[in-house]
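Features of the protein shown, as given by Swiss-Prot:
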TOPO_DOM  1-9  topological domain 'Cytoplasmic'
TRANSMEM  10-30  transmembrane segment
TOPO_DOM  31-151  topological domain 'Periplasmic'
BINDING   123, 127  heme binding site
């Protein structure tokens, strides 16, 4: 009788381990496209990611760089004042998207041009995405104002 209980306990533990491993594998598989790493323009220029890697880039839209092309295609440059990366986006830009304003884009770097699939802009004068603030602070160009929340 004791041998049967021990055998049953081992079977339950083994089954629980297999279920846990399967659940972990399914969660990892489901999240593989949902994790995008943030990079500043300086990081992109210094160590360009592969063309298949989806990542986020953030900084300020360089003054005088915004060019509206055919249809919904827009090109501009994003900078952290140390490096600049050209960006190409086809779609509708957020209403508050403007030159010399903060932005975060999601996409891939293809032939030195960031091909954005999504562009986000700061929603008012006091908000800037935390990743952009951190990158600009690291470059020494971020100026904190009284009414600006700290990330």
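Positions of Cβ are set from backbone N, Cα and C atoms, glycine also.
When the topological domain 'Cytoplasmic' (1-9) is classified with DSSP, helix, strand and coil residues number 8 helix, 0 strand, 1 coil. Here the topological domain 'Cytoplasmic' (1-9) has no Cβ contact under 8 Å with any residue of the same chain six or more residues outside its ends. When pLDDT values are averaged over the topological domain 'Periplasmic' (31-151), the model yields 81.
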